[in-house]
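Student: To start, I am sharing the structure in question, which I have written as structure tokens.
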Amino acid sequence: MQSKFAYLALVYLGLMTLADSVTDSLLPTRSGRWNLATAALILKGVSDIIGQSVIGYFLNTKSRHHAMNINTTSILVASLVTLLSLFYEQQWPVLVAIVGPLVTCIGGGSHASSFLVLAILHDQNPPHHRFTSYYWTGATSVLAQALGPFFASILTDQSRVLPGILSGTCCLIGFGIVDSLKPPPYESNNSSHDESTSLLPNNQNDVELKTLSISVTEYLSRCFGKKSLIRSSSLIFLPQVLFLMAICKSTRPLFKTYIQHRDDVSPTEAEALWLLRSVMSVLIFGIILPAIVLGTAPRVSYPNSINLRVARISVLFISTGAFMIGLSGSLRSITTGLSYPKAEDITF
């Protein structure tokens, strides 16, 4: 039963990430639309933050099943709204950049899906298998993020409606998986896993009949107040680390537009470069890192040491990629400076 729940949860995450990635591929990225692409990127991130707060509130007051349905609905509505706005792209191009990303504040995007799936895997798996499930979650997300733009580019050549249909289909299948992940009532009282370390608040079960009473003000105080977990000594540097990693990470709308402006490449060449970047991302974060974890796990008695080691490797990879992107723009200036004739080489 635990393996079935884990597989279904990973399939759900893959579908939600694929749907969200396909929707992001419909955002404006062509040359000359730098402001719209940047606005869409920033608005998507802000909406995701708001949506994840909404998901957290429903986890505190309702159930995991309810939160997953809201998250799936948020991704589905964002996909449909983005698809409909494409028909008015010539008259009001701002609709494509703003309306779709704004809708995800209802229940978050695929990042909220990752959190929900992590909660499921954490509760279903025994402690010595949990960290392995976390890396499978990351590999699934990376693979789905790479497949999203690939499918979107192929389907867009056939019809501009097909990417939206693909996203909607993924969400509809996701609703079915959410229903199958809901455990029967008798399992909530006979759980075999250790609830003392549950990720969900107050060891909450999905079939819990009693609704927890918590106001919005109290919930926000728990998240951002003086007694918030983020202010604890173990997590105090987490926002800074995530912020620095976000600067290093180039997402698709910004990457394609940036490289067209900087290096004068065509949209087709930018698409090919993004595909190469996606393949490298899948290879590094979807295959190499999980393989390292699975290979070294039996020899390590404390799984947290693996988490810290892989976190350092991940930050090193991301930082190296950021340096390579920055140096590639300076390469022409560097080579020009090196080839400039020195004073002693100049003859009169």
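Any Cβ shown, glycine's included, is placed from N, Cα and C.
OK, TrEMBL features for this one:
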| type | residues | note |
| --- | --- | --- |
| SIGNAL | 1-21 | signal peptide |
| TRANSMEM | 70-88 | transmembrane segment |
| TRANSMEM | 94-121 | transmembrane segment |
| TRANSMEM | 133-155 | transmembrane segment |
| TRANSMEM | 161-178 | transmembrane segment |
| TRANSMEM | 235-255 | transmembrane segment |
| TRANSMEM | 275-298 | transmembrane segment |
| TRANSMEM | 310-331 | transmembrane segment |
Student: Do we see three or more Cβ pairs under 8 Å linking the transmembrane segment (161-178) and the transmembrane segment (94-121), pairs being at least 6 apart in sequence?
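Tutor: Judged by the Cβ rule, the two regions do not touch, with the required three close pairs absent.
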Student: State the non-local partners of the transmembrane segment (133-155) in its own chain: residues 6+ outside its ends, Cβ under 8 Å from one of its Cβ atoms.
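Tutor: Answer is 6, 10, 13-15, 17-22, 24-26, 110, 114, 117-118, 121-122, 125, 162-163, 166, 252, 271, 274-275, 278-279, 281-282, 285-287, 289-290, 293-294, 307, 310.
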